[in-house]
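Engineer: Per Swiss-Prot, the feature ATP binding site maps to 721; the stated evidence is similarity to another entry. According to Swiss-Prot, the motif ''HIGH' region' annotation covers 50-60. Annotation comment: Swiss-Prot describes 718-722 as motif ''KMSKS' region'.
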């Protein structure tokens, strides 16, 4: 059988286990949870409901796994856990896709016959800076974009999902999407083993009358609280059509939204360029920037010499003149930046002017260090993005630095464009932002690192930009201005507002990418009338901050992201005229958009099962017996706000509403909301605002925790269907099994940085899990056969039990902190490792493992691994015959960790590692010293130091005092060296002092203050003696002697170099041996003669140990005893008695001593008597009764 087939067989076996366990959970309704009356603590965990235009992929699963693992752990903590899971259908993409399918059938027939010579759409280049620092408050406009691959037509996209033409036809009805994908997603999630209460699942939009009613109630409340206003908002707009251009109206640019810039006004100073000299109004070159916080570092501005610019009148009174491209001028005219909406009034004769005619213009740049800067040429500027005017900040923009460097280095280039040296040479990059690892001139540093010599090195410059912009925007700290010391991300919006208030800048918005309407018009961004949530209102911001203050965010980056978003968040359009969703109650021409109906829906989960159980579209009345039209605004207010019952406004019996309110009051608030980090800048912050608005005084309903995670990479590459590096949840389970996939998701990562799902890790997980199951089955067989030891008193046993306690406690802390990668590390990888070590220790002393400890390990391993790998854990739990389900079991109880025992365990482990290294060195001496091959040693001496030598104790005292004086930290080596130099007693140890200090500092980093103790905290000799058999077997030694460094006659060098907890082992020359035959005379026993080398002075126990090592037939469990012949001369020649094989023998005690004389006669001394042995003794090997 091939390796691949063997691996698939393991996966198939795991999948069989998973299927049977899922059926068990289903039959027991394991994850259905209802409000309790007994005071049992609860835990509500939720995940942003996925959008229903496709199957779930591994990225969804990664974020959802954080909720899933938390749910599993909290169940073990004895809480009633609810993990509900809904499905989002609100918004434009589903409707747009359905309409596309309709058009494709109209245009190309059914099934569509698409033209073969279709020219592929040209992909627009996406700048690194655009992706890194664009407005994070905007939601993802199309959730299908990332999943379409290279398909051009919607029909082809649907084909790529494995659908046939007949099936695809159904998707031209947008409602079909709502009924097709949710059941598939539920099936996939059930195969994953998700601990969801599926009774509470629902879909959004007005298709679901209950949820529709809930959203209308929410928006009526928000409007009554004056949180919703009507006014002009930035929208993609078609001037030709005279209306907003939504996705379904676009020939290209689906999913593209508005991108906001700060329009920096660089005033043209005298003397003006000849072409502009006749203009009396103030003239401004207007540059669109995404980073207003960098304006302190302006050294010039750039124009493209060959681009055609336009000079036009700006502002309502036309007292200012702007210079920009005609394209951007057209956009500005729809944003209130010209006198008449939609019309550009050009300066006569300057409708077009080449950039070269404006070069050299003197400018006043807002916030710049230089009073006067100049317009210089840059050849990489494009006229289809921004305004064609680029403000230059060479300290933090690699492009700007490269272009400025070209001009400085190339005089002919300056002369070509009529630039004087004074316009270029005096201007140096200005340090304005400090970035860790890049310094305060980040662009200069990156250009130096990448050896960028010219503005034409596009690839290198793109790499440099990505590094500088990413670190600069998120980690940069301002060095100048009134916001010095603050993070750049925190001051971006504030500086934009300051510049606007002072008339030095204004807001400018254009499409993120080119958008063409179906009428053939290039769209702009225009200010259009819309309903919007006024997140910029000061009072509402303050309330949102109060919600955020006690919130658990699990890491500081998430808190900072939420704080920053709350600070700069402004008005957000909550209405759309196209798509699916709930209609605005007071203006039904509009729909509530997708990021606005999904802010407090977690409250709806608490009652969904009573209203619509069994039908996620709400088409069937649920157990509460309440019809959708009975859930009036007043009814919802009774349930969620506790308003007094009023039968006039609440057309439903109060008892029914009470049942709903009971569920809400028990489950709310959310204990943890987990999501991808991309939702920090929108959904997660909107959640804070809306909870503050709906429950303004009831803080008990505010969310308790928000956890964000990074994106998921697949084999260290971005997931992308177009490149084939993509995997759905269904595919992952099929390839790796559910638990194999789950383990790999846990191992992928926890923070806001991108995590990595690695196929090799998933394959290894399958093998680990399969091997673990087989080992557990083997242990059950050994237990049933009585092959495991009954006691648990040996050193290895005590250490194993102690290490289990330690790792169980550490794993609990990791789960509590939602650090699931660490929980997997301590609760599986390290937990398995201590089992392996224990198994090795037991084998090293020829003893079986302890039955009680082995099964303590198995049970606790299943418990602490169950949140991550619940199927296998449940399977083993049932295999062990445990009561109930493991998903309902309590977290294992542990005894306090015995720190001294832990130190002793490390002492043995580290000592043995050092001893093995010594043996290797002993057996492979350096070639120069090699005169003959060393003899394999059989004896050794271990030297143990109870405390450090006096000079080292003096240094330790110095270090301990310094640690106390410096809040537990040690000073640098220079300071320590000065302190040591002052000690008279240490002067003769000057050369040894600092190496010793360095060793102690390294230990200090690992162990803390305990590394500074001057004596051993444990009895090293006792621990070594208890493990002497293990040490001898590991090193293949016959005899080991333990000596203390304070004994007389110890070599001075050994005394000097041996320190507490680091014993020294020296091998001693081998003593003469003589061979003694040990013969087994037991009847019907497969034991044979064993030739044993005897050393003068060997005890019986030593000889037995040698025999065990020599003969594998003498099993660890056998009890071995030695017997001498009564007649040493004739004993081994006599017939053996069948009835009593040992009638001619006398048993030796363990303390008896073997000797041999000069004539090689072997004898044994027992007490005061001495007996000749001849060359043969007898041994008995019995399996002890349990």
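Residue positions begin at 1 at the first shown residue.
Each residue, glycine too, has its Cβ placed from N, Cα and C.
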Engineer: Where does residue 721 (ATP binding site) sit by DSSP, helix, strand or coil?
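Structural biologist: Looking at the DSSP assignment, residue 721 (ATP binding site) belongs to neither helix nor strand, so coil.
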Engineer: By a simple count, how many Cβ atoms lie within 10 Å of the Cβ of residue 721 (ATP binding site), its own Cβ left out?
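Structural biologist: The Cβ of residue 721 (ATP binding site) has 18 Cβ neighbours within 10 Å.
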Engineer: Looking only at the motif ''HIGH' region' (50-60), what are its DSSP counts of helix, strand and coil residues?
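Structural biologist: Breakdown, helix to coil: 3 helix, 2 strand, 6 coil.
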Engineer: Suppose you look only at the motif ''HIGH' region' (50-60); what would the mean pLDDT be?
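Structural biologist: Averaged over the motif ''HIGH' region' (50-60), the predicted model reaches a pLDDT of 93.
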